[in-house]
Amino acid sequence: MTLTHTQLAEHGYMSGFANEFATEALPGALPVGRNSPQCAPYGLYAEQLSGTAFTAPRAHNRRSWLYRIRPAAMHTPFTQIEQSRFLSRFDQVPPSPNQMRWSPPAMPSVPTDFVDGIVTMAGNGGPEAMTGCGIHLYLANQSMQDRFFYNADGEMLIVPQQGRLLMVTELGRLEVEPQEIVVIPRGVRFRVELPDGEARGYICENYGALFQLPDLGVIGSNGLANPRDFLSPVASYEDREGDFELVAKFQGNLWRAGIGHSPLDVVAWHGNYTPYKYDLRRFNTIGSISFDHPDPSIFLVLQSPSATPGVDTIDFVIFGPRWLAMQDSFRPPWFHRNIASEFMGLITGVYDAKAEGFAPGGASLHNCMSGHGPDAETFEKASAADTSKPHRIEDTMAFMFETPGVIRPTPYAAQSASLQQDYYTCWQGLKKHFNPNTR
């Protein structure tokens, strides 16, 4: 959906990445000149939500002040939920150097909400060390009504592939459609409604440093994902009581507590720790207009930095519509072996390096130093293409989660019926063209 700046306000969004926002659902609900007055307006409670250390450098410090009907501490004790699908352990299956690809999973046959529909495919690191990521799919056909969720282990980058999501959060509401993403910060409580009845997509659970926009270097002051295109919600609250359930993900396990009111009761807030969404179709793609296919880092949307300069814990990269103008060059992504590990998904269309087998809703994994690249059909076609004319790739959106650590599949992923056992054959048809007598 393309909205003007005026329409953004009417739809309940504020523009900018990690801005210092201020919003209130009732006039005068935000205290003036202080964060924690002796008595907050409307009888609200003041509560700070911290996403970074108190002493983090100001440029990286994230926190928001919430003014809510009841404090977040009001709930019954948590008890652990026994389940085996939404995981943060990645040591149950030895990682394989084999290239792996999965067909799109089927929708559930029984009523399943967003939280119950999450299944972990792979990951590395863990929440205890606050580094690495979990990579999940979600498959849902039922809205969450009297159930709420928060993740204490990491922020969640959610990539819808089929069906819209209405993210009703403590800080406001975000409607997200395929080819948009939404990021829910660590600790923010929310529920998910399904406007289209069912939904499918991908999640990157970031255990490390918060996602940020990459530096642009010699690109200059504009390009890639522009800050103004990130949208955060305006304050919106629920004031209802009942027999509700609060689910938490904590140290790799799910926990449930009873709660007698909706925890989405924030009437006003200010700060820079907030959910946000971004339309991937707004990405300003940079590419070569002379020769060669540049490195895929030019398609970087968000990064989670590590302690090593130039090395990220997670890179979120997209491959959308774009012009290819390189002359006398092989235009698809080239054959590659990478120190990093790559998990890919396809939101819509066809990925330009794979003519067949990689379907929307599917996924692939190419781990550290595992060879990958265009399949035989793509190679032959691109090798014979007329590169004197530009070519536009249209109606596609693929993405990649790239990490420096090996991405370790879970038992579910390794044993899934959707795992394509014949994936390796897409390269077996590559012909030998070498002739030492002909250059």
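In case you wondered, yes, glycine gets a Cβ from its N, Cα and C as well.
Feature list (source: Swiss-Prot):
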type     : residues         : note
ACT_SITE : H293             : active site, proton acceptor
BINDING  : H336, E342, H372 : Fe cation binding site
BINDING  : Y351, H372       : homogentisate binding site
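Each of P333, R337, N338, H366, S370, G371, G373 belongs to the same chain as H336, E342, H372, is absent from that list, and has a C-beta within 8 angstroms of the C-beta centroid marking the Fe cation site. Sequence-distant neighbours of E342 (Fe cation binding site): residues of the same chain at least 6 apart with a C-beta under 8 Å from its C-beta are S364, L365, H366, N367, H372, M400, F401, E402, I407. Across the fold, the C-alpha of H293 (active site, proton acceptor) and the C-alpha of Y351 (homogentisate binding site) stand 15 Å from each other.
Neighbour counts of Cβ atoms within 10 Å were taken for the binding-site residues H336, H372; the minimum is at H336. A distance of 16 Å separates the Cα atom of Y351 (homogentisate binding site) from that of H336 (Fe cation binding site).
The secondary structure of H372 (Fe cation binding site), as reduced to three states from DSSP, is extended strand.
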